[in-house]
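As structure tokens, the structure follows; a few thoughts come after it.
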Amino acid sequence: MVKNLKPFVFPQIILMTVFSGLGLSCHQGEYQIGNECCPKCLAGRRVKTHCTVDSSTSCLPCMTGTYTDKPNGLERCHHCTNCDSGSGLRIKTPCTVTSDTLCEPLEGFYCVQPTGHSCERAQEHKHCKPGQYISHNGTASTDTECSDCSSGTFSDGTFHSCQPHTRCYSLNLQLITAGTSAADAQCGEGSVNVGTAVGGAVAVIILIIGGGLLFWIHVCVSLSVFTVSDDYNTALSKN
Ligand SMILES: *[C@@H]1O[C@H](CO)[C@@H](O)[C@H](O)[C@H]1NC(C)=O
């Protein structure tokens, strides 16, 4: 007999608990205060004084910057949410007395903590590294996606695709620096590179100095020849 009773004991306890709970609750359009049920205030309003035996609930509208979005028995309206730019947010829809502010990510940010139609926290889109290209633009809800450049191409991290390295030889130019995944190849004009330019300048200087020396040697030799020449003096005295 005791064994057979057992399965009925628990459901009965559960049913009694549920009914006693329902017995204390009010209709959908009412709220409970003490042992009374009072009519709720509409969205956008709040309770000024609770109902009594001979008066209904009295309500007041929410002040600017506060709201209630449902019929309620609240004595205070909720404060509107701030869309904090420090959290990467801006206002999507301003607060009204019947609805809270909706926030959205700032330009260049994406939401990392969405709540219904709003966002509680956003983060800046990541920047692709040099050697990578932006394979997917970041959106308000997704981060930027980066991919590596394949060999022979480059991107500084801001490109939407990797560019092939400039082929210096096919432009009849000299390769000065080979391209990397982060930077293009650098080409130089024909055969003129830094080495030959410096070499050329040194050669010109040597030629100028050498030429000057040779000229002076020639002048000095000529003068000394004329000074000591007997033929020259003889020639003068004859005239
Ligand atoms: C990504 O955004 C840039 C501008 O920031 C635009 O030029 C480009 O077309 C976009 N790419 C895609 C795949 O939407």
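Numbers run from 1 along the shown chain.
Cβ atoms are placed via backbone N, Cα and C, with glycine included.
According to TrEMBL, the protein has these features:
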{"type": "DISULFID", "residues": "Cys38-Cys51", "note": "disulfide bond"}
{"type": "DISULFID", "residues": "Cys41-Cys59", "note": "disulfide bond"}
{"type": "DISULFID", "residues": "Cys62-Cys77", "note": "disulfide bond"}
{"type": "DOMAIN", "residues": "25-59", "note": "domain 'TNFR-Cys'"}
{"type": "DOMAIN", "residues": "61-103", "note": "domain 'TNFR-Cys'"}
{"type": "REPEAT", "residues": "25-59", "note": "repeat 'TNFR-Cys'"}
{"type": "REPEAT", "residues": "61-103", "note": "repeat 'TNFR-Cys'"}
{"type": "SIGNAL", "residues": "1-23", "note": "signal peptide"}
{"type": "TRANSMEM", "residues": "197-217", "note": "transmembrane segment"}
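Mapped onto this structure are the features recorded in TrEMBL.
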residue : record         : contacts (Cβ under 8 Å, 6+ apart)
Cys38   : disulfide bond : Cys26, Glu30, Tyr31, Gln32, Val47, His50, Cys51, Ser56, Thr57, Gly73
Cys41   : disulfide bond : Val47, Thr57, Cys59, Thr68, Pro71, Asn72, Gly73, Leu74
Cys62   : disulfide bond : Gly44, Arg45, Arg46, Thr68, Cys77, Val97
Average model confidence [pLDDT] within the repeat 'TNFR-Cys' (61-103): 98
